[in-house]
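Enquirer: Copied straight from TrEMBL:
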BINDING   Gly39, Leu40, Thr41, Gly42, Ser43, Gly44, Lys45, Thr46, Gly85, Asn142, His143, Gln144, Asp145  GTP binding site
BINDING   Thr46, Thr63  Mg(2+) binding site
Amino acid sequence: MSDLRITEAFLYMDYLCFRALCCKGPPPARPEYDLVCIGLTGSGKTSLLSKLCSENPENVVSTTGFSIKAVPFQNAILNVKELGGADNIRKYWSRYYQGSQGVIFVLDSASSEDDLETARNELHSALQHPQLCTLPFLILANHQDKPAARSVQEIKKYFELEPLARGKRWILQPCSLDDMDVLKDSFSQLINLLEEKDHEAMRM
C-alpha cells in the first residue's frame, strides 16, 4: 500500500472517530425528582437512604428534624427530604410537603401493635393530604429480617391499602438492609411511576 493510501486511511479513521464523538455529544442529563420520606422514629428511614448512598452504616444518626440526600440511580436522581418521625415532629410534616413529586413511607413491619397503629394513622393522613394524594407512593415494609416481621399481605390488610389507595399510584414492598437488590428494585419501580406521571403531564 502506498504512503498516500496509508495517509488517507488514517485520515478517514480520524474522521470516523471525530464524527462519533461529535455526533454522540454528552450523555443526556438524568431527570431529578424531589421526594419526601416519612415514617416513625425507628422505622429505618435514615439507614435505608444511607445504604442507597453507599454511606457507612456505623455513621448513621437518626434524623431529628429533616435532612436531604441526593440518591443516585442509573436513570434518575432522587432528592429525598427525610423528615424525623418523633411525636413532636410529625405534627409539622405537612409544612415540608410542598414541591414533592413522590412519597416514600417507611414502616417497621416488626414494631409493636401501638406503633403499627400510629404508622397506619400517619400513612392514611399522608395518602389523603391535598399536597400528596395525587403523587406516587412507595411504602416500604422494613425490618423483614426480624422474626416478628409481618408479611406484606398482613400489612396490606391491616393498613386497608386496597380501598384507601384505590386509583392512586402506589407500591408496597417488603425490605431490609440485608437485601439491597430488593430495595433498589423498589426505587426503580418508583422512578417508573414518576416518569409515567411526567409523561401524562406533558400530554395534557
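Each residue, glycine too, has its Cβ placed from N, Cα and C.
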Enquirer: Is it possible to get the count of other C-beta atoms within 10 angstroms of the C-beta of His143 (GTP binding site)?
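Expert: Within a 10 Å radius of the Cβ of His143 (GTP binding site) lie 23 other Cβ atoms.
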Enquirer: Give me the non-local Cβ neighbours of Gly39 (GTP binding site): same chain, 6+ apart in sequence, Cβ-Cβ under 8 Å, ordered along the sequence.
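Expert: When sequence neighbours closer than 6 are ignored, Gly39 (GTP binding site) has Lys45, Gly85, Phe105, Val106, Leu107, Asp108, Ala119, Glu122 within Cβ distance under 8 Å.
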Enquirer: How big is the gap, in Å, between the Cα of Thr63 (Mg(2+) binding site) and that of Ser43 (GTP binding site), rounded to a whole number?
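Expert: About 11 Å separates the two Cα atoms.
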Enquirer: Taking the Cβ of Thr41 (GTP binding site) as reference, which residues of that chain separated by at least 6 in sequence fall under 8 Å from it?
Expert: Ser62, Gly84, Gly85, Ala86
Enquirer: Look at each of the binding-site residues, Ser43, Thr63, and point out the one with the fewest other Cβ atoms around it within 10 Å.
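Expert: It is Thr63 that, of the binding-site residues Ser43, Thr63, has the fewest other Cβ atoms within 10 Å.
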Enquirer: Within 10 Å of the Cβ of Thr46 (Mg(2+) binding site), how many other Cβ atoms are there?
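Expert: A 10 Å sphere around the Cβ of Thr46 (Mg(2+) binding site) contains 23 other Cβ atoms.
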Enquirer: Compute the C-alpha separation of Asp145 (GTP binding site) from Thr46 (Mg(2+) binding site), stating it in Å without decimals.
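Expert: For Asp145 (GTP binding site) versus Thr46 (Mg(2+) binding site), the Cα atoms are 17 Å apart.
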Enquirer: Hey, what's the widest CA-to-CA gap across Gly39, Leu40, Thr41, Gly42, Ser43, Gly44, Lys45, Thr46, Gly85, Asn142, His143, Gln144, Asp145, the GTP contacts in the record, in Å?
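Expert: Value for the max Cα separation, rounded to a whole number: 22 Å.
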Enquirer: Including all protein chains shown, what's the count of other C-beta atoms within 10 A of the C-beta of Gly85 (GTP binding site)?
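Expert: Cβ-Cβ neighbours of Gly85 (GTP binding site) within 10 Å number 25.
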